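Asks: What follows is a single structure, and I will ask about it in a moment.
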Amino acid sequence: MSPNFKLQCHFTLILLTALRGESRYLEVQEAAVYDPFLLFSANLKRNLAEEQPYRRALRCLDMLSLPGQFTFTADQPQLHCAAFFIGEPEEFITIHFDLVSIDCQGGDFLKVFDGWILKGEKFPSSQDHPLPTRERYTDFCESGLTRRSVTSSQNVAMVFFRVHEPGNGFTITIKTDPNLFPCNIISQTPSGRFALVVPYQHQNCSFSIIYPVTIKISDLALGHLHGLQLKKPAAGCGGTGDFVELLGGTGLDTSKMMLLVDLCYPFHGPAQMKISCDNAVVRMVSSGKHMNRVTFEYRQLEPLELETSTRNSIPEYCLSSL
């Protein structure tokens, strides 16, 4: 098993087990029994493309990146369950309730959340999502089948559920639809290239990479100023109305992450930064007065790079270097 794959599985298992309140460190020896990142395989996606709809059982703790139909059936009381769904950056996710057999009066529940939430931290954050937090939940026990489908605002969504009675459960169908201007994204991969475009809309958009990475910005168009200026967090870009931030941290919520640098002025040409945090984010703040765009590449840091970084860094800064 490659070090990169172990790192991916390690992070995912920590994320999922935290739903049970288990904050202790997990040592992952092998991931043969539970292998959520197998579904991120491009080869698997190609092989299944001709066999849609894809069907399989849903686990109590699960992560899925493929459209299809998924059925959960409790074989014993399952009290702390969640399924994380992730699409391509340019996709919305729609969750459709096909069949639900749970006892709402007996304490069961089935809830969809627009985004991901873990240990009180949300993605997108409350600052970046168009809806207040309470409106991001859809509770089946309250709405029933009057609202059979829920569509996310970005490429991630999740389902919380609790089922007491063995044999009870539900079936859902996951579909994806194109998103012409994706705003908040969690990357499926540790490397890639993306252009975050905000066309004359007053909103904040974040691209989250749940890996330590090097980020290279090749183009930044903010529409209101010219030239390049890198300002330290103390100076800030808040007064400009349109700017890009690079953030680092250990959780999902961008509002709780550390501001490493902000970019207030458009430029062409590479600006590179190494961020050894568990989560690195490119975040664009837009006033709505301009067409803003930032194009960047990202690459996961190799283990040797991380080891070298650790020896020469302050831990709370996750080793940021521009």
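Every residue gets a Cβ built from N, Cα and C, even glycine.
Here's the feature list from Swiss-Prot:
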{"type": "SIGNAL", "residues": "1-24", "note": "signal peptide"}
{"type": "DISULFID", "residues": "CYS60-CYS81", "note": "disulfide bond"}
{"type": "DISULFID", "residues": "CYS104-CYS141", "note": "disulfide bond"}
{"type": "DISULFID", "residues": "CYS183-CYS205", "note": "disulfide bond"}
{"type": "CARBOHYD", "residues": "ASN204", "note": "N-linked glycosylation site"}
{"type": "DISULFID", "residues": "CYS237-CYS264", "note": "disulfide bond"}
{"type": "DISULFID", "residues": "CYS277-CYS318", "note": "disulfide bond"}
Asks: Work through the recorded positions one by one (CYS60, ASN204, CYS277) and name whichever has its CA nearest to the CA of CYS141 (disulfide bond).
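Replies: It is CYS60, whose Cα lies nearest.
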Asks: Give me the Cα-Cα distance between CYS183 (disulfide bond) and CYS60 (disulfide bond), rounded to a whole Å.
Replies: 29
Asks: Filter the recorded positions CYS81, ASN204, CYS205, CYS277 down to the ones within 10 angstroms of CYS104 (disulfide bond), Cα to Cα, kept in sequence order.
Replies: none
Asks: I need the most crowded of these disulfide-bonded residues: CYS60, CYS141, CYS277. Count other C-beta atoms within 10 angstroms of each C-beta and give me the top one.
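Replies: Answer returned by the neighbour count: CYS277.
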Asks: Quick check: in three-state DSSP terms, what is CYS141 (disulfide bond)?
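Replies: SS state of CYS141 (disulfide bond) = helix.
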Asks: Looking only at CYS104, CYS183, which of these disulfide-bonded residues has the biggest number of Cβ atoms within 10 Å around its Cβ?
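Replies: Of CYS104, CYS183, the one with the most crowded Cβ is CYS183.
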Asks: How long is the line from the C-alpha of ASN204 (N-linked glycosylation site) to the C-alpha of CYS237 (disulfide bond), rounded to the nearest angstrom?
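Replies: Rounded to a whole number, the Cα-Cα distance is 14 Å.
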